[in-house]
């Protein structure tokens with residue numbers, strides 16, 4: 001059987017066991033595969049078990065199922081997984097279906113038995129650590145979940161927050177421009193209400209701080225993704241982050257860097273929604289704006305406390321999948337390459353590698369097993385190649401992860417950027433011309449390479465030579481991304497079969 005170069009490289013690189021209590025600095029070097037536990041893999045290994053997203057029901061994914069498919073994840077070069085919340089949920093099938101996603105918790109001290117047992121979760125953590133990989137777990141501090149109207153909640157079902165005293169008075173958020181409403185009123189509606197915990201109260205705050213430290217310790221968790229961060233007052237978060245003792249990345253669902261970036265002053269990182277919107281718009285069609293993306297890269301770099309600790313993504317369970325906008329595989333390859341080679345921590349959502357095309361929730365929560373987990377799909381291979389060069393650059397250049405991505409070129413259809421210390425930099429050239437894009441040579445200045453230097457384009461495994469003027473002649477065709485790295489630096493790496 002022929003084994004791809006990137007497979008040999010990736011398995012060779014990921015051998016070091018993670019340190020206890022993974023720090024923000026440790027997480028800079030990671031690449032995250034995000035999955036909904038219920039939708040990724042089943043214990044029985046089925047690739048045909050029905051999962052109708054419109055039903056919004058449990059489909060049978062488990063922690064053991066994830067363990068059994070870690071080869072598939074690691075084969076793409078990912079060094080970490082992020083799984084959805086593990087706490088026990090409301091048990092009813094509501095008008096909106098089951099709490100299969102994990103965001104309608106009722107008992108924070110019990111696990112969701114649909115996913116498995118405590119031993120299963122510990123086994124998942126151990127299996128990851130044996131591979132040198134990290135475990136990130138999703139957590140919710142803002143709210144609980146109740147099957148019914150907010151005005152008639154039976155608070156006794158919540159553990160440990162078993163009385164109304166722990167919660168803000170019921171009111172639904174009407175105006176998202178009013179931060180007081182955003183923090184004090186409730187998400188959800190009167191069909192499934194999300195009772196909003198009053199995190200200004202010491203009894204609530206202390207309970208959460210004790211709980212999160214225990215969760216991390218009990219299951220050897222390396223990092224946390226925190227849901228609905230903007231719905232909790234900022235002064236709650238530093239203590240929570242400290243109590244967790246690991247890297248925390250928060251969901252602040254807002255594309256304005258002036259709103260989102262300051263949350264990095266109260267926790268380690270946030271999901272990079274400011275980049276998400278211009279990134280999506282640049283590549284979801286062949287007429288997208290490269291100007292907006294170019295400008296936002298620079299804005300985030302200058303305005304966020306540390307852009308190298310943000311999470312870069314274009315898909316998740318809350319937003320429509322990229323392929324719901326366009327089925328052009330070349331555009332999908334470009335956006336995936338950007339995610340992996342931009343500043344910060346790359347996040348790819350399960351199914352993105354198989355070009356899943358679900359739109360809004362619940363359509364974007366497809367079962368990964370129905371793809372059959374092929375490892376020869378176009379995007380699987382592209383993601384593996386991009387992760388491979390990123391992982392390799394990190395291993396060879398101590399400054400790679402803290403070097404801030406520098407856009408060096410743009411035109412109506414192209415953006416180029418460099419990241420990494422002089423002599424070891426990766427230069428990425430992205431196009432939104434799409435699969436029908438023409439063939440031409442881009443003369444690229446500002447890459448920082450030396451005249452006559454040979455570069456390897458690691459996606460297609462071709463080489464180019466830097467011109468006498470220092471410009472790089474980059475062959476472009478079919479709208480595909482190009483990723484350049486000094487050929488001499490690849491010796492012994494197995495990347496593009498370098499010996």
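A Cβ is built for glycine as well, from the same backbone N, Cα and C atoms used for every other residue.
Listed in Swiss-Prot for this protein:
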- 1-21: signal peptide (SIGNAL)
- 51-59: disulfide bond (DISULFID)
- 171-185: disulfide bond (DISULFID)
- 227: active site, nucleophile (ACT_SITE)
- 227, 251: Ca(2+) 2 binding site (BINDING)
- 251: active site, proton donor (ACT_SITE)
- 261-304: disulfide bond (DISULFID)
- 318: site 'Transition state stabilizer' (SITE)
- 461-496: disulfide bond (DISULFID)
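Structure with Swiss-Prot features highlighted.
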residue	record	DSSP (3 states)
51	disulfide bond	coil
59	disulfide bond	coil
185	disulfide bond	coil
227	active site, nucleophile	coil
251	Ca(2+) 2 binding site	coil
261	disulfide bond	helix
304	disulfide bond	coil
318	site 'Transition state stabilizer'	coil
461	disulfide bond	coil
496	disulfide bond	helix
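When the alpha carbons of residue 318 (site 'Transition state stabilizer') and residue 304 (disulfide bond) are compared, the span between them is 23 angstrom. Cα separation, residue 261 (disulfide bond) to residue 251 (Ca(2+) 2 binding site), rounded: 11 Å. Fewest Cβ neighbours within 10 Å among the disulfide-bonded residues 59, 171, 304: this applies to 171. The shortest Cα-Cα distance from residue 251 (Ca(2+) 2 binding site) to any of the recorded positions (51, 227, 496) is found for 227. Taking CA atoms as the reference points, residue 304 (disulfide bond) and residue 51 (disulfide bond) are 40 Å apart.
Residue 51 (disulfide bond) has 227 as its nearest neighbour among the recorded positions 171, 185, 227, 461, 496, going by CA to CA distance. Between residue 171 (disulfide bond) and residue 227 (active site, nucleophile), the C-alpha separation comes to 20 Å. Counting other Cβ atoms within 10 Å of each Cβ, the recorded positions 227, 318 show the lowest value at 318. When the disulfide-bonded residues 51, 185, 261, 461 are compared by the number of other C-beta atoms lying within 10 angstroms of their own C-beta, 461 comes out lowest.
According to DSSP, residue 171 (disulfide bond) sits in a coil region rather than a helix or strand. Ranked by CA distance from residue 59 (disulfide bond), the recorded positions 185, 227, 461 have 227 at the top as the closest. Residue 227 (active site, nucleophile) sits 40 Å from residue 461 (disulfide bond), taking the CA atoms of both as reference points.
Taking the C-alpha positions, the distance from residue 185 (disulfide bond) to residue 461 (disulfide bond) comes to 54 Å. The Cβ of residue 251 (Ca(2+) 2 binding site) has 21 other Cβ atoms within 10 Å, all protein chains considered. Of all the Cβ atoms in the protein chains shown, 22 others lie within 10 Å of the Cβ of residue 496 (disulfide bond).
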